[in-house]
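For reference, the structure discussed in these notes is given below.
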Amino acid sequence: MATRADSKRGATVTRLPTARNSDTGEIPRKASFGRRIRKKFRLFSVRAGMDLPFFFLVLTLMVIGLIMLFSSSYAYAYYNYGNSYYFIIRQAGFAVAGIFIMVAISYFDYHHLHKLAIPILLVTYMLLVLVLFMPERNGVRRWIYLGPVNFQPSEIAKFALVLIFAHLISINFKRMSTFRYGVLPYLLILGSIAVLVLLEKHVSATLILVALAGVMLFIGGVQLRWFAIAFGVLGAAVAYIVLFSAKFGYASDRISGWLDPFGTTVDTWQTRQSLMSIGSGGLLGLGLGQSRQKYLYLPEPQNDFIFAVVCEELGFIGALLIVILFAMLVWRGITVSLKAKDKFGMLLGIGLTVQVGLQVILNIAVVTNTIPNTGISLPFFSYGGSSLMILLAEMGVVLSISRTSTIEKT
Amino acid sequence: MAKGTTIRMWRRTAFLLAILIIGFAVVVGSLFRLQLVQGEEMQTRAVDQYLKDTSISAKRGTIYDCNMKVLAKSAGVWKVVLEPNYITDDNRELICNGLSQILGLDKADLIERSKKKTYYDVVQNKVETDVKDQIVAFKEENEITNGIRLIPDYKRYYPYGKFASSVLGFTGSDNQGLAGIEAQYDSELTGVPGRLVTAKNAVGTDMPFDYEQMVDAQNGHSLVLTIDEVVQHFLEKYLEEGVANSGTRNRACGIVMDVNTGAILGMAVKGDFDPNDPFTLSDPKEQAAVDALQGEERTKALNEARQKQWRNKCVSDTYYPGSVFKMVTASMGLEEGIISENTSFSCPGYYVVADRRISCWKSGGHGSETFAQGLCNSCNPVFIQVGEKLGPETFFKYFEAFGFTQKTGIDLPGESRSIYYDETMGPVELATESFGQNFSITPIQMITAAAAVANGGYLVQPHVVAQVIDDEGNIVRTTDTTVKRQVISNETSRRVSAMLQETATTGTAKNGYIAGYRVAGKTGTSEKIAEWVAQGKQGEKKYIASYCGYAPADDPQVAMLVFFDEPLPQGGQVFGSAIAGPPFAKAMSEILPYLGVEAKYTEEELAKLDTSTPDVLGKNVQEAQNTLQSAELDVKVYGQGETVLSQVPEPGKSIPKSGCVVLFTDEESTSQTVTVPNLVGLTLSQANSVAANAGINISISGAALTGNNAVSNLQSIPEGSQVPPGTMVTVDFVELDSVE
């Protein structure tokens with residue numbers, strides 16, 4: 001594999017102008033230098049430049065996200081907090097801090113995460129149990145409140161899951177085709193986390209965790225028959241829920257609301273308002289800041305349904321551009337990861353990138369009523385300080401991985 | 001083993017990437033569908049919700065009588081609307097509690113309604129201004145800006161109550177006309193509601209993109225009816241009296257029409273309803289019958305009873321016109337020249353048509369008579385023979401020409417179609433149709449045909465709306481007289497009128513006679529044969545008593561038809577003319593002078609007219625007696641005094657020719673009383689002598705002046721009352737002819 005990557009790099013080098021050759025040419029030199037030093041005392045190592053396209057895609061999305069958050073939360077913040085800047089000030093603060101953290105983490109050698117994988121998993125378990133004893137809000141317990149800082153352990157769980165899977169797969173890579181090393185540990189970890197998250201009644205997070213686990217295992221080389229079995233079980237579960245939907249009052253209302261958002265049988269206010277917002281945008285949108293739906297029609301427009309306001313203000317063209325930016329981010333993240341130095345980096349990078357991609361797709365699918373309504377936030381856009389920080393930290397990890405990647409980075 | 005990505009990982013990642021791209025493509029597809037395909041639909045939905053579109057009610061037009069007296073008008077009230085989406089958990093209790101107290105509504109229900117996801121839930125309609133002020137005060141006190149809305153609205157008022165309700169109709173909760181003129185002219189009366197469009201956010205405060213557009217409401221047009229409040233009043237008064245006297249069980253109706261223009265001056269149905277409260281049964285007996293039932297049966301019966309009281313019998317019910325129709329058959333015969341007034345007929349009491357023996361109402365027959373006498377006698381065989389001579393084609397030609405085959409086109413809803421035989425009818429059908437049996441028409445068709453007989457042969461279109469005027473009083477439209485065709489010649493019209501005048505003076509219709517006004521009229525008593533057959537020709541035979549006439553016969557102005565459905569039989573018989581004639585005569589005797597029709601009295605009539613009592617108060621008794629005797633009045637003196645202290649009747653009051661004036665000459669005598677005797681069931685001369693013996697005066701009304709067989713049937717002061725001597729008691733006389 002190394003030869004293949006080398007040859008690729010070599011090919012790239014030959015294609016590129018000489019001015020850039022010096023950059024890429026530095027890699028082995030700096031890497032060897034870094035490796036020498038790191039072994040002794042340095043936590044951070046500047047082995048090579050981070051991937052600039054990925055970095056700027058993150059920055060671009062972050063900036064657009066902040067602008068849209070300001071626009072969408074303006075009226076809601078005014079009516080509920082008497083201050084139109086309530087959300088944007090907080091979010092912008094977290095974004096700035098988060099970007100610093102992201103850049104800092106990009107200098108952090110992600111290999112240290114091997115050692116942190118199990119501790120982080122254990123902390124995650126603790127938090128997931130702790131959250132069940134937190135005060136209830138809106139009928140669910142998903143948040144841990146630490147004075148001014150609140151966060152959702154399920155966000156951390158996603159990272160912990162991706163990390164532990166990347167860790168285990170990379171060290172047991174050769175035994176991935178066995179049940180004992182290739183399936184069982186992952187099933188146990190995923191199962192235990194999923195059960196804890198389900199206890200929060202957090203279906204969407206559970207879905208993402210399962211999907212991420214599936215992606216990690218798939219890339220990691222688990223035999224396809226296990227996926228066949230998994231899909232069979234999933235299919236049966238879905239069929240059971242659909243056929244006996246009456247038993248799941250909560251879920252069945254979601255489904256009938258999904259099938260007929262403008263009907264009168266169930267309360268579909270949010271979905272309905274979202275569809276009206278998106279539709280009102282048309283091709284070119286009402287213009288930045290011109291959303292009407294954000295005037296308290298669309299509930300909490302700064303959260304999961306922020307993309308509806310984006311569509312209303314920026315139109316199909318604007319929405320399409322943002323989706324393309326996200327797709328580019330995902331593409332870049334994955335290709336960068338593919339060329340990571342080792343399997344751990346590759347799996348970790350892909351896991352974290354796919355997590356962003358999945359959230360974007362599911363979030364837009366929800367606001368467009370393509371799938372039933374479930375709470376999934378839109379990365380870089382939705383309001384939420386702690387989740388933004390976690391997201392940017394994860395992007396920092398991807399950037400850290402990119403430093404080892406042999407991909408062309410400018 | 002290499003540290004980096006293996007080939008299988010590459011492949012699997014490529015596969016994953018493909019799936020993610022498909023995912024992005026799917027959501028882009030959704031966006032495309034929503035924004036570019038369904039964009040407009042979604043935008044409309046969205047705009048609808050923040051553009052608060054408040055409908056501003058247009059004021060419904062007023063309905064006036066022909067002298068601009070208000071018969072129906074709209075006045076401002078308020079609609080109380082709950083705006084659940086603006087109600088928060090903080091003020092829900094407060095708002096619902098306040099509203100439930102002010103409006104007297106169930107609080108739990110209000111709380112339930114305040115949780116609905118809507119911006120508009122009407123809590124109460126037609127709230128008067130004082131209640132609205134209470135709500136406004138409540139809102140101010142508690143600083144409630146959103147959650148309760150008060151929307152101006154209108155409520156319909158009918159200041160005269162039940163008056164003319166069958167013509168006026170009534171309106172529903174949304175001010176929509178549901179019956180009568182209100183329904184017929186609904187679109188013109190309604191006007192165009194205005195709109196106030198403002199942009200609001202989800203809690204009802206204004207949006208930053210200011211938008212407010214006002215479209216003024218256009219108030220509805222007003223209507224000026226041909227109905228004259230005074231004429232209508234007399235019609236209703238005597239119709240009601242007639243219903244009470246005859247024990248009519250299936251309602252009665254009456255129409256007064258200007259024969260020359262077709263303008264309806266009065267149209268009434270008894271029992272009717274109060275348009276201010278149309279859903280309440282106005283007849284307590286009907287209400288009791290409905291209340292006796294339960295559940296669905298009750299609902300059904302209630303609906304039927306309501307439909308019945310709303311039904312305008314004048315245009316919606318059909319009946320056999322009976323002998324009233326003979327005026328039409330007479331017109332056909334004269335117009336065709338097959339008979340004249342003096343054509344002689346013979347009536348043995350029946351006539352045989354196609355082996356069917358058809359009886360005359362008078363079983364012994366009328367013997368030999370002229371055609372004019374035949375009309376006076378309402379002799380069936382005479383008219384059967386006229387019909388025979390006309391033949392079915394000619395008969396039907398006129399039947400059609402008189403408008404009996406088509407709706408009159410009166411501007412009222414629910415006009416019924418007539419049921420009749422066409423020109424292919426057989427001889428028996430022709431025979432029975434000739435005297436008004438065996439076909440069903442509406443009262444409005446009958447009076448329209450009678451107007452044509454009266455006015456020189458012109459079939460006019462009846463109408464109740466004279467003018468449509470706009471909000472500012474400008475005339476939008478005037479209803480002109482529509483003459484559909486000339487059916488008979490002026491000459492025929494004049495000759496039939498003369499015969500009908502005779503009929504109403506000396507003939508079977510004399511219960512409709514009014515001294516001085518030259519009434520032309522005809523009675524009709526028809527059996528409800530179809531019903532009787534339906535009940536197996538057993539039990540009680542039901543009848544319809546009607547009278548149709550017009551005046552003056554030499555220059556017809558006004559026609560009137562009254563119609564009593566199922567009067568109670570008296571002594572096993574129904575005397576149609578005795579039931580329908582007096583209400584006709586009484587109403588017409590007030591309506592004709594009101595309309596300025598000049599009275600012309602014959603010598604004979606003048607002789608029988610009441611005169612005014614001379615003033616002899618304070619005079620010497622002897623002198624007073626001389627004065628009164630020279631006025632051809634009798635005198636009775638009570639007391640021992642020298643001068644007249646008081647007199648009955650009082651000076652200037654009317655007294656019949658050769659009536660008796662009682663003079664009181666001392667205090668003691670003035671306290672004297674006499675007992676009112678029974679004056680019912682007597683002939684005129686019997687009544688006169690009973691009254692004279694009792695020391696009272698009687699004023700005669702009804703058929704007594706011309707009738708030979710007139711019998712008194714009502715007295716204005718009941719038997720046994722103690723009254724001062726000389727008191728005037730009005731006695732009604734009717735001619736008791738049997739069914740003609």
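Placed from the backbone N, Cα and C atoms, the Cβ positions cover glycine too.
If you look up TrEMBL, you'll see A:52-79 (among others) marked as transmembrane segment.
Remote same-chain partners of the transmembrane segment (A:85-104), defined as residues 6 or more beyond its termini with a Cβ less than 8 Å from a stretch Cβ, comprise 44, 58-59, 62, 65-66, 69-70, 73, 76-77, 302, 383, 385-386, 388-389, 391-393, 395-396, 399. Sequence annotations record features per position, and here TrEMBL assigns transmembrane segment to A:85-104 (among others).
For A:116-135 (among others), the entry in TrEMBL reads transmembrane segment.
Taken from TrEMBL, the feature transmembrane segment covers A:155-173 (among others).
The transmembrane segment annotation in TrEMBL covers A:180-199 (among others).
Feature annotation from TrEMBL assigns transmembrane segment to A:205-222 (among others).
Under the heading transmembrane segment, TrEMBL lists A:229-250 (among others).
Beyond the ends of the transmembrane segment (A:305-332), by six or more residues, the same chain brings 51, 53-54, 57-58, 60-61, 64, 68-69, 71-72, 270, 273-275, 277-278, 280-294, 298-299, 353-354, 356-357, 360, 363-364, 367, 378-379, 381-383 to within a C-beta distance below 8 angstroms of the stretch. Residues annotated as transmembrane segment in TrEMBL: A:305-332 (among others).
For A:344-368 (among others), the entry in TrEMBL reads transmembrane segment.
The transmembrane segment annotation in TrEMBL covers A:380-401 (among others).
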Residues from the same chain, set at least six apart from the ends of the transmembrane segment (A:116-135), whose C-beta lies under 8 A from its own:
141-145, 152-154, 156-157, 159-160, 163-164, 166-168, 189, 192-193, 196-197, 199-200
With the transmembrane segment (A:52-79) as the reference, find which of A:155-173, A:180-199, A:205-222, A:344-368, A:380-401 contributes the most Cβ pairs under 8 Å.
A:380-401
Considering only Cβ pairs under 8 Å, which range in A:155-173, A:180-199, A:344-368 makes the most contacts with the transmembrane segment (A:205-222)?
A:155-173
